[in-house]
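Taken verbatim from Swiss-Prot:
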- Glu20, Glu24: Zn(2+) binding site (BINDING)
- 1-74: coiled coil (COILED)
Amino acid sequence: MAREVKLTKAGYERLMQQLERERERLQEATKILQELMESSDDYDDSGLEAAKQEKARIEARIDSLEDILSRAVILEEGSGEVIGLGSVVELEDPLSGERLSVQVVSPAEANVLDTPMKISDASPMGKALLGHRVGDVLSLDTPKGRREFRVVAIHG
């Protein structure tokens, strides 16, 4: 049996939107490829080869998204008492007062550019957060080095 992929509801919806965009891109790439094939006298044309490669990349991305979504299990919102998959966690550096907001998600949803930053439960930081409660102080490896943070709030 294929392994399930745990996703938040928002993550599932985001991947569905990506799949729809990729399907639209595939239609456009197929159209361009057909036009190039019809107008090309030489099948070794580099433009034709590039179009074939782009179409193959899009098809691979669609296959990947369809695979993830077919195995998806949407997480129920947590109690907010203990950090788990899907939890949005507010952290505070006790020394500087700096605050950091992260959401613990599955690797399929991880994206450090999102706000809040979506970190994988399989990452060192994600693993360190799981199971903690408000008030707990934990040591995390961050891009700025090892730092201590206090769990200020847990949502979901």
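Each residue, glycine too, has its Cβ placed from N, Cα and C.
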Count of other CB atoms lying within 10 Å of the CB belonging to Glu20 (Zn(2+) binding site): 11
Count of other CB atoms lying within 10 Å of the CB belonging to Glu24 (Zn(2+) binding site): 11
Mean per-residue pLDDT computed across the coiled coil (1-74): 88
